[in-house]
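Contents: one structure, followed by commentary.
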């Protein structure tokens, strides 16, 4: 790659536009070559909502009393940053206010107190403390005017080239797989994200792929009072559970009075009784809240504060059981950082989410996985099949190795398989199997730690190490034991021997899978464990199930006085409801235990099978979504090609230039750039399409050829050279195509200069035009918007509507084709799942038949019948494995085989259910056609053309939009008359003094364009 070529910036998406999300996005921009996009449902400029807590935060910087956690480090870093930002002359000076803070504590404080590290710290003497107060101190800190600070962060982020897209994210995979392409303002050619950072706060509880149920809300309510004479902070801590009252002045002369801490309280509006309680506590703590002239003549009251109340609000602080969570996960080859649960201290710890202590971000996100030119693209899946295979097999290895330590390896049996005599295991054999079992336990523990995303590389290497020792010991012991007892002396190998062989095979397979995964996964330390959240749940369920089997088998062996192998076989047959009947409980105690044990075991088995199905369907869904995304991209390119060619064709025809010209250099390009065999392959590949368009040209009417014939013969091309650079740019703007998209349609030599405008979404020209006009609207609209600008916008809308009409037919045709293609892809995906389930089922059926035919001496047909009876859990009992090898193999085979059968039946039942519902689906009731025939009489038809050109709908929408803006402006601000910015409000609307008054709104409506009545529901807004 030439050194002069610019390396594309790595893409980072931040979910959430609160103070943590904005700070995180801004800090990442400043740390390296990143292109950062914020995706949020609510942004700082929106009307107040309980879902957006940052605006109502009583924000000042006071250290948390716990000083031995990472949170204290984050708080210290954030305070240093905010102290610099609050310095005189700083760009953010107006967002901060340096004040003297006084703290009163009615509870004991831990020593050493972190507050001692605050500037100008000074403990208060006892005579300066209120009655009942145990201690107090004063220091210098900063308070934050959160609305101004949020806008400061947002403006800096946008000025640095960031983007803010409005949208709701239901699942993390929605962003990992689709990036910004799925949201208004994105482009179909936006690169997929290299990293996704979750800063959704309380949203982490519901966000799919995270669903952190440890996150819960702590509802807080505050009151905003206009008190410019208060320039100090004051807080009293009333109890150890965090109940406090605080007075926090802002730079804007307002004062925040709070607060409340109500865990798991989701009420979305301020409670009046809570407001009165806050004001009463605030007045008691700080009588200076009342105006000085009132305090000079009498004791202030709550009514004095209510006269100066600017507003009240509430928000849900995100808290988390277990403390702050700051984790890095790999999802589908991309890094996902999750950081919920700051307990409403996003301001105090806000910079920790961005700098990540300047270690984790640089270690993980700025690692060579993202920045290296030689690294694979981050679209490479991080979820791999080999770790899943390892996680399923290794518990079987541990379970099957227990009998090797507890049972007899060499036994003499009769012809029916009954043990007549045993030989005691040697001491060396027992010691070797004990060491092997310990190595297996350690390997399982390492794999569990790896699946929890902790030290993935180190745990994998340790697991390989312990499994290697385990396998070497088992292989040596089994080989030596087999060679020593190869002679016929009337004894044979017992069940523990064969189970040890099975355990060795399972552990060796696991070891090979781990080594292969480690060897073939590039940059293994950054690729995660390789399991999704559902796959992790499956691994946990398997471990629980096998542990339950081991424990129950041990109890059954003691109570039924049978060997562990027989008890394990009995437990598997019981919880799978096969019930051959060859082993059964005999006493009352064993029957009671079996009832309880089997009931719980069936539930565990059902859970494991269900999670197995979900994991398989998740993989199928990801594959299906990938194909759908590729299909939508292809259709999107065809739409853009059509619109762009139409725009170019209109301009060429307008100036009388030929539309199509011969492609003179086609042969030379093919000669220089394509080998002869590749040219032949390309010709053969395009031959069906060429024949199709030839037939289409001769068979279809001329009126339809123009609308569907998107491809011209290859020797001809558009006469782009006849147009100027300005005309090409205008055509691209009209078609909604960026200069980057033009590279798909024309050769590089014909491409115009790169357009640096922000990418626009893939939609119709109308949507693209309006989207570009409105995408920056919340950030650039001025209070002095004139009527001329509104007229320009109306003209743009009219132009966009005309362009939509020009290309609507093609869009409708391709939408229909897209729907058919998606339906075809869905049928193909279902067929693939069904075929895979059948293959697994038949493979287990036939393999099991061959195995039991050999171990039990049955015929092939008998073995097939026995496997089917076992698969379906019918278990008639006339056939059952009796040999030690047969029962040992049946334990593992039955667990996997019944699960495979269940998955197949679930897919077949789903298909049968769909077909059955389609068959019995009835048409409309007889009365509905009669009502439809009378529709013309009841509801006269309005011509679509008349409605489209009538000005009334647009005027109503325009007036409604202005009304909405005015109401929101007054409801959010509620300023005094002399301070309200009325210069931009039309004269006929300045008569409204209290927009919450219904009568005032009705009077306002009568003054617009001669007056009109609004429906009742408007006043319920």
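FYI, residue positions are counted from 1 along the chain as it appears here.
A Cβ is built for glycine as well, from the same backbone N, Cα and C atoms used for every other residue.
In TrEMBL, annotation is done automatically, which means it is predicted and not curated.
According to TrEMBL, the feature domain 'FAD dependent oxidoreductase' maps to 12-292.
According to TrEMBL, the transmembrane segment annotation covers 386-411 (among others). If one looks beyond the transmembrane segment (386-411) by at least 6 residues along the same chain, the residues whose Cβ comes under 8 Å of a Cβ in the stretch are 419-425, 429-430, 433-434, 436-437, 440-441, 443-444, 447, 450-451, 467, 474, 481, 485, 491-497, 499-500, 502-504, 506-507, 509-510, 513-514, 516-517, 529-531, 535, 538-539, 542-543, 546, 549-550, 563-565, 568, 615, 884, 888, 891-892, 895.
Taking Cβ pairs closer than 8 Å, the transmembrane segment (431-449) reaches residues 390-391, 394-395, 397-398, 401-402, 404-405, 455, 459-460, 462-463, 466-467, 469-470, 473-474, 476-477, 500, 503, 507, 510, 539, 543 in its own chain, all 6 or more past its ends. Marked as transmembrane segment by TrEMBL: 431-449 (among others).
Away from its own ends, the transmembrane segment (461-483) comes close to residues 394, 401, 409, 429, 432-433, 435-436, 439-440, 442-443, 446-447, 450, 493, 497, 500-501, 503-504, 507-508, 510-511, 514-515, 518 of its chain (Cβ-Cβ under 8 Å, at least six residues beyond either end). According to TrEMBL, the feature transmembrane segment maps to 461-483 (among others).
Under the heading transmembrane segment, TrEMBL lists 495-516 (among others).
Feature annotation from TrEMBL assigns transmembrane segment to 537-559 (among others).
Feature annotation from TrEMBL assigns domain 'Potassium channel' to 543-616 (among others).
Residues or ranges marked as transmembrane segment by TrEMBL: 830-852 (among others).
The domain 'Potassium channel' annotation in TrEMBL covers 842-912 (among others). If you average pLDDT over the domain 'Potassium channel' (842-912) in this model, you get 81.
Proximity of distant same-chain residues to the transmembrane segment (858-876), defined by a Cβ-Cβ separation under 8 Å and at least 6 residues beyond the stretch ends, is recorded for 573, 576-581, 841, 844-846, 848-850, 852, 890, 894, 897-898, 900-901. Sequence annotations record features per position, and here TrEMBL assigns transmembrane segment to 858-876 (among others).
As annotated by TrEMBL, transmembrane segment applies to 888-908 (among others).
DSSP states for the domain 'Potassium channel' (842-912), grouped as helix (H, G, I), strand (E, B) and coil, give 56 helix, 0 strand, 15 coil.
Residues in the domain 'Potassium channel' (543-616) partition by DSSP class (helix H, G, I; strand E, B; coil) as 59 helix, 0 strand, 15 coil.
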